[in-house]
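According to Swiss-Prot, the feature ATP binding site maps to 46, 53, 54, 55, 109, 112, 117. As annotated by Swiss-Prot, Mg(2+) binding site applies to 209, 223. Annotation source Swiss-Prot lists substrate binding site at 274, 331, 332, 333. Here Swiss-Prot flags 9-254 as domain 'ATP-grasp', drawing on sequence analysis.
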């Protein structure tokens, strides 16, 4: 689960991180009062969407030379003018795709005198099975580009969970970020604070980009991105309350109600599979034969008829889907249950696109019999390769 920047900063402020004063607003009429609560004379007006690249983004409704989704204002009047121009419009960034995201919230923040911009994040390093800091002196940039072009400028430092952030870890992080004086002293406090927030709140990512050194030599969290482990949300009611479903795909929200692992993609072949590995293999083979998957959908090992029906409805709700591939290997999951669910869903929502079904495993003969006797126009497949070829051919024809 993702949250907005202003929510992430409020959370980190609660742990003692150095965060600038700021006020979130939902209407342009709130802009003046919000700005008056801040010291000034510089203000930053920030679009709040769940996507990066806001500063370089463009609003669909504005002229191409209009400013992006993060704007500097030198007066309260400028804050108000920017708020009126940004709220309600659609911001397109490198992460939103061409459809963009509507800006329904702004964060008015006190400006900062920046001396240096740094990069810092904490994530789970799966190669060692530990939380790890990733830091670089190249802040405010796309860290993936830095990793590709100048990997020597990035330090990845795994943290032993039983010890937490040690003095030695702090020394290494300060050295990698070239911090000294007051900034290094701030680092001694900040690094353990961020690690504590990451672990206590079950985050999957905590990214500060940039972490800045101000002209007075002190550190400040200038931007913050936080993602949480969905599997741990039951422990954090306070975090769940921060969820903004307007930023999420409606189909993914519906899938979560049925405990379905669903991720919307940009292709035109819908997939319903059991098991994450088989689901990824199914998407790969669709791409191998020249098409693109419209989604990742894992119905799991113990899906009921109702769950399968819900999954099928979610797939068919995507207007981009031109064909559907059901690929089931029945271990715990029974093929007859899948067959009954698919038939129930087709009868309820109708079938306007080609449907290829490949079943194998537990009760496979019964599953195939149920489908063959259903009277539905379903294309059977013998194996995964055969299924992929048939659905791609059906969609292209």
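Including glycine, each Cβ sits where the backbone N, Cα and C put it.
Here the binding-site residues are 112, 332, 333, and the one with the most other Cβ atoms within 10 Å of its Cβ is 333. If you take the Cα of residue 332 (substrate binding site) and the Cα of residue 117 (ATP binding site), they are about 52 angstrom apart, rounded to a whole number.
Across the structure, residue 209 (Mg(2+) binding site) and residue 55 (ATP binding site) are spaced 12 Å apart at their Cα atoms.
The binding-site residues 109, 117 differ in how many other CB atoms lie within 10 Å of their CB, and the one with the most is 109. Distance between Cα atoms for residue 112 (ATP binding site) and residue 274 (substrate binding site): 50 Å, as a whole number. Under the DSSP three-state reduction, residue 117 (ATP binding site) is assigned to strand. When Cβ atoms from all protein chains are considered, those within 10 Å of residue 209 (Mg(2+) binding site) total 22, not counting its own.
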